[in-house]
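Features of the protein shown, as given by Swiss-Prot:
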| type | residues | note |
| --- | --- | --- |
| REGION | 401-407 | region 'Involved in tubule formation by the movement protein' |
| SITE | LYS463 | site 'Interaction with the viral RNA' |
Amino acid sequence: MFASFIFSGDNKLTEKTIFNCGDLDILVVYYTIATQFRKFLPHYIRWHLYTLLIYILPSFLTTEIKYKRNLSNIHISGLFYDNRFKFWTKHDKNLALTEEEKMEVIRNRGIPADVLAKRAHEFEKHVAHESLKDQIPAVDKLYSTKVNKFAKIMNLRQSVVGDLKLLTDGKLYEGKHIPVSNISAGENHVVQIPLMAQEEILSSSASDFKTAMVSKSSKPQATAMHVGAIEIIIDSFASPDCNIVGAMLLVDTYHTNPENAVRSIFVAPFRGGRPIRVVTFPNTIVQIEPDMNSRFQLLSTTTNGDFVQGKDLAMVKVNVACAAVGLTSSYTPTPLLESGLQKDRGLIVEYFGRMSYVAHNINQPQEKDLLEGNFSFDIKSRSRLEKVSSTKAQFVSGRTFKYDIIGAGSQSSEELSEEKIQGKAKQVDARLRQRIDPQYNEVQAQMETNLFKLSLDDVETPKGSMLDLKISQSKIALPKNTVGGTILRSDLLANFLTEGNFRASVDLQRTHRIKGMIKMVATVGIPENTGIALACAMNSSIRGRASSDIYTICSQDCELWNPACTKAMTMSFNPNPCSDAWSLEFLKRTGFHCDIICVTGWTATPMQDVQVTIDWFISSQECVPRTYCVLNPQNPFVLNRWMGKLTFPQGTSRSVKRMPLSIGGGAGAKSAILMNMPNAVLSMWRYFVGDLVFEVSKMTSPYIKCTVSFFIAFGNLADDTINFEAFPHKLVQFGEIQEKVVLKFSQEEFLTAWSTQVRPATTLLADGCPYLYAMVHDSSVSTIPGDFVIGVKLTIIENMCAYGLNPGISGSRLLGTIPQSISQQTVWNQMATVRTPLNFDSSKQSFCQFSVDLLGGGISVDKTGDWITLVQNSPISNLLRVAAWKKGCLMVKVVMSGNAAVKRSDWASLVQVFLTNSNSTEHFDACRWTKSEPHSWELIFPIEVCGPNNGFEMWSSEWANQTSWHLSFLVDNPKQSTTFDVLLGISQNFEIAGNTLMPAFSVPQANARSSENAESSA
């Protein structure tokens, strides 16, 4: 009863067993014995004996142990079972102390005073746990019945019965733990949900004897029950730690249509231990009949059931709460049932650590079901025997009544058109006439052709074959002297799509919402003894004289193509990354841009110029948005970061190429930075790590062969290192016409995360960030002249982890920099610095003014003197300029630093700050502040960036007349309020989408702005 010991196969609690146990286990044994023994003693001696067993006897036994036990490395396991709270505990201990050490501890310290007190507290806490109760609400909480005054005074419950024979009109029925058949260990099993015991239904069935015995004064017997709640209790026999998951369908078998029959779907783990409790509120009136228990059924199945076939997986029992419904009375639901539970429809009781899912089927009639339904009435009376003569009679058929109500959608428009052509006047035409003719007092069609029935307002995406969906064809000249970096064509995508007249050309121009992606198929045939690398890139917008470098244009949607390896190139893309639809007018007004450039020139010069043909289609594949939540990176994180073009000359010399993985700060040299949207997102974080997926493309003739080894290492390794391939590496060898290879380096190859941005002047020795190495494994050789050239692009980062926000570093390294991470705190990035004119003439006017474009990164000043302005290339500043679409909260901080030489008592400067959507005077201010604090002040406020494209906004776009956010300053006495710094921060919900092609950003340096050059470009 108290305990059982498992010790070397012996299950007896002997003196030898006790003295071979550790002291802690002895205390547990005596504590268990004392606790159990205490409840059998009288109250007045219970605590005296309990104290004796708990405090005195263990101390005595511990002192005696040193003479009897032989300590060694013994492993014992104790299992204790308590009948009061059904609680198993396990104690494992390795005894490895010497006898002298153990006895010395006991002799000096004794038994800790609070050990037994803590165990007693834990015991009482477990004893206080309540049992697993039924979760079905009480039936009198679901229904309201009439209760006489005496019952109200005595606080009596409503009339609740548990026997069908006593169930009369107005009474409530409550069934507890009605047994149900067990669930077998199979893929599918059907369990009937009884509403009451089957023997009660049979015993209460109507008979002649019972009809004769019913008293006239008795209440009428109930003919039906309103089922308010059913609780299905499933006790699984499976292990409590198994992964069996079951799905259950609650089915109303009186419906034959599955859309009406399936009431609810429940998914829950079929683990043992605690029961599965499914509570549903059917809100169904069930007729009392012998087959009433077969109406509701529970269909169960398991996806990964490993229980032995033929064995029961679980037992099932049911609780029900119903109200009797008869000819003279009905039920009255309480607000709890009608307004609360019936809206929930059902639930699964979730215990701690157990997940469950519930779905309910609702198949209510729609308006079209009422208008288009056909109703037919065909009623015949019974035949009757009529007397014809005194010697003859015959059966006469009864009268017949037939009437049809035909719905509006019962006849197709094709049938109606055919009837009109044939000149047949049908009765059904009357319901189609839409205008009243005063002459004939009837409804007439407006025209001979029923335009109201024609689908002229079809807004669906064009559909059909590839020929039906072809919208345009473009021809791209590829001269025989083309070299790397040549721009073959750079134009708006709308201009590409409006070339030619094909079947879908008109659909493209006249459809408001096109949900299919744009598919381009480029073809050209060139011989295999030459090769060329072309890039087709799509970007959401373009500003100014944007750079067409492959690093800048390939970040959104780009395909690298070597026609010598692949004769045809196919690419599908979504031109609206914020949503799932687009239109031609949208492409025109947002400036969606297409670039086709040559990345690597001809391996061998062809004899004539070449022409590439590009066919444009509307794809049947639907558009999928791709947005970036800046502070919560998606998985996978689409980057499309160009790592570089690697050239390996023919021969046996070992060439080593390094590509830095600190890729967040853009690419460039000391005086300029190339930046795109995904890299700007990465630059928001301080450190990052993840699984890196690279795409390696062959950019020369397939006849040039080489095996290249790729591995990760630090950048300070010398080129003549002899054991490069001691690192984990991947060998790449292209097939005959193979064009691309995908490489993946997991984060297991990186010890920690690394910085996203490194100063340009940092040496390789002091870098400390990993590099991607590419090295010739054997040799590069061919029968034709030319180098072996490959292009490397970092396409996605999987399982990315980012740490800390990045304030930013001025400048960029020559092939890129590195990503950073997230934090809840706001880290401010400096965007702009403005110094009022030093040569300001206060005799002409007492104020000056300037404006900062917060989203576009521009500064506008007046002509009151020589201004000093500075636009910083901070991470947020870069992000706002290269992200085409933006949505979310942007934090703005303005810091004014005044002339410190002015005394506080002499301060006489006032600054007014205006927040507007445009610099035009016709726009009202969104907010206005007035600051007059001497020497310095701060202003912090949020801006909610939101726009028309699924909440995203594009900077100063003609589409939907989008503008920007401008912060204008009116400075009175600018010789005192001199320097203004504008800083930006983003919130957790800030999202971006699409890339804007931008010119290279110059490394910021203080520029003296004259009055003639009054506006700063982005």
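Using the three backbone atoms N, Cα and C, a Cβ is placed for every residue, glycine included.
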Calculate the per-residue pLDDT averaged over the region 'Involved in tubule formation by the movement protein' (401-407) and state the result as an integer.
74
By DSSP, how many residues in the region 'Involved in tubule formation by the movement protein' (401-407) are helix, how many strand, and how many coil?
0 helix, 5 strand, 2 coil
Hey, what's the Cβ neighbour count for LYS463 (site 'Interaction with the viral RNA') at 10 Å?
12
Under a three-state reduction of DSSP output, how is LYS463 (site 'Interaction with the viral RNA') classified: helix, strand, or coil?
coil
